[in-house]
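A.B. asks: So that we are looking at the same thing, I have put the structure below in structure tokens.
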Amino acid sequence: MSEFIAENRGADAITRPNWSAVFSVAFCVACLIIVEFLPVSLLTPMAQDLGISEGVAGQSVTVTAFVAMFASLFITQTIQATDRRYVVILFAVLLTLSCLLVSFANSFSLLLIGRACLGLALGGFWAMSASLTMRLVPPRTVPKALSVIFGAVSIALVIAAPLGCFLGELIGWRNVFNAAAAMGVLCIFWIIKSLPSLPGEPSHQKQNTFRLLQRPGVMAGMIAIFMSFAGQFAFFTYIRPVYMTLAGFGVDGLTLVLLSFGIASFVGTSLSSFILKRSVKLALAGAPFVLALSALVLTLWGSDKIVATGVAIIWGLTFALIPVGWSTWITRSLADQAEKAGSIQVAVIQLANTCGAAIGGYALDNIGLTSPLMLSGTLMLLTALLVTAKVKMKKS
């Protein structure tokens, strides 16, 4: 309890938000997301240049996610009392190094090393994002600051693939990663200029990461996080075959649907701080319930293009509340161990993404076209019920 009080006293001492630092963190996160998904739009030229198949080249994305999962779990135990400012600078350096290694890769092995560097930065940065945010702004401003960071994520997710595809045709895939390295250098300088000293955890406050799961409501929260993200990836990973077959969209129509989804996600993220100020628990229970209903509507009436488009927009708008909401939950309910809680959260999300996509794919191949929707809807409904019944929430 003394640790919790000490942490909150430190937070209360922040009377004015450091928006420059918040935006530097948001920019760095956006760069990480863009670089994570660049290979998706550059697989063919990368594979041809390196003399490998597109399937093998695609493992560069898998390696990043795999390394990120483990990095998120162990980063806080590794860095311990190190000033977080230097740690964030290191992550920006790893981002830049990753881009350069990929750009100059003449073998698949070097490509994987470069992508592993990105995984270290990605997992570590995500694990620390909530705790960094709560140390840069006053407590009541944390949801707004988190919405800025996740808004940057939404923008990055929308532009990553089309930007990579366009620039790849224009300047070649290697120069695309060189340009990304230049963004990494900008991240380094912006962080050095704006991020204040953020001392690490004193030795007497060290606590085993997984002991946090013994606290009331924490295990339920992590299970809810797992189910909500698994439900998201069970649906979104297979949105192309579902929408093209069930609703009859062509490639151009699907592109517009995905763009609408991305814009709705950005709008939802932008509005999330206002909703979360009213009730974090209501948002975390209400959002998956709306998504469960959306999955049901799409399953029953998804052959209508207007209905299918409407569901995509509602889904993007609503799901945007979930990542911001759970990060806000950590900053409020686990404020004394926000870094360690963030580590577990990121690992759970990475595992959920993998499981959701894998099980959704199995269901699609072996049960039927709408089975990923039913799986997603079921997981979202269970999430809403679990949050309502078991997840504990501290007031700000």
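Quick reminder: no glycine exception, Cβ is built from N, Cα and C everywhere.
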A.B. asks: Would you say whether Swiss-Prot puts Arg16 on the same side of the membrane as Leu212?
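C.D. replies: Swiss-Prot topology: Arg16, Leu212 on one side of the membrane.
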A.B. asks: Quick one: DSSP breakdown of the topological domain 'Cytoplasmic' (327-343) into helix, strand and coil?
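C.D. replies: Once the DSSP states are binned, the topological domain 'Cytoplasmic' (327-343) shows 16 helix, 0 strand, 1 coil.
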A.B. asks: Per the 3+ Cβ pairs under 8 Å rule, pairs at least 6 apart in sequence, do the transmembrane segment (256-276) and the transmembrane segment (306-326) touch?
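C.D. replies: These two stretches do touch.
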A.B. asks: Short question: most Cβ pairs under 8 Å with the transmembrane segment (55-75), which of 108-128, 216-236, 344-364?
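C.D. replies: It is 108-128 that shares the most Cβ pairs under 8 Å with the transmembrane segment (55-75).
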A.B. asks: By DSSP, how many residues in the topological domain 'Cytoplasmic' (277-281) are helix, how many strand, and how many coil?
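C.D. replies: Each residue of the topological domain 'Cytoplasmic' (277-281) counted once, the result is 4 helix, 0 strand, 1 coil.
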